[in-house]
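Only one structure is covered here, and it is reproduced in the block below.
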Amino acid sequence: MAILTIILLVSTAFALGDTMIRPKTPCEVARDAVPHGLVGAYIPTCDAAGQYTPEQCWGSTGYCWCVNSSGQKIPGTETPPGTARIICSTQNGAIRPKTPCEDARDAVPHGPIGAYIPTCDAAGQYTPKQCWGSTGYCWCVNSSGQKIPGTESPPGTARIICSTQSK
């Protein structure tokens, strides 16, 4: 009988190995609390360690945002459907909130043909030359996106080089 007990204990320990059950993380608790089959519900995404992934998205709408390690939304990181997403995690762990140019660009409703959409550079700043794509009308702006008087360039006319105008 003692030998059977020892064999049972050893086989149980071997079967469990390193896969001891760990308690659920807050992200896993929140994810598992969403009722299955609830169409349109936001379901948190967790990484392999059970932590919140830096970018969270509402699957049914495409609306995304960045979160901190405890899953709290970081203000200014919301990206509506159809807009460029913010990179929520970088090599140094910093998150860059949207700039005023990116906010203005992302606020333009998608769909209206002919709408003016601000252009931003890779750092999120206004490009010196802004153009109304559907008309070809261009102008220069300062760093805050304000039109510089006298820099308008109607379609069919010589374009102004804005980098010299904005200084």
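Numbers run from 1 along the shown chain.
Cβ atoms are placed via backbone N, Cα and C, with glycine included.
Small disclaimer: the values here were computed from a predicted structure and weren't measured.
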*Name the cysteine that pairs with CYS138 in a disulphide bond per TrEMBL, restricting the answer to CYS120, CYS131.*
CYS131
*Pick from CYS88, CYS120: which one does TrEMBL say forms the disulfide with CYS101?*
CYS120
*Looking at the disulfide bonds in TrEMBL, identify which of CYS27, CYS64, CYS66 pairs up with CYS46.*
CYS27
*asked:* Check for me: which candidate out of CYS57, CYS66 does TrEMBL give as the disulfide partner of CYS64?
replied: CYS57
*Taking every protein chain shown into account, which of the disulfide-bonded residues CYS27, CYS57, CYS138 has the largest tally of Cβ atoms within 10 Å of its Cβ?*
CYS27
_Integer Å distance between the CA atoms belonging to CYS131 (disulfide bond) and CYS120 (disulfide bond)_ = 12
*Compare the C-alpha of CYS131 (disulfide bond) with the C-alpha of each of the disulfide-bonded residues CYS27, CYS57, CYS64, CYS101, and give the closest one.*
CYS101
*Give the sequence-ordered list of residues that share a chain with CYS64 (disulfide bond), lie 6 or more positions from it, and have CB atoms under 8 Å from its CB.*
GLU55, GLN56, CYS57, TRP58, GLU78, THR79, ARG85
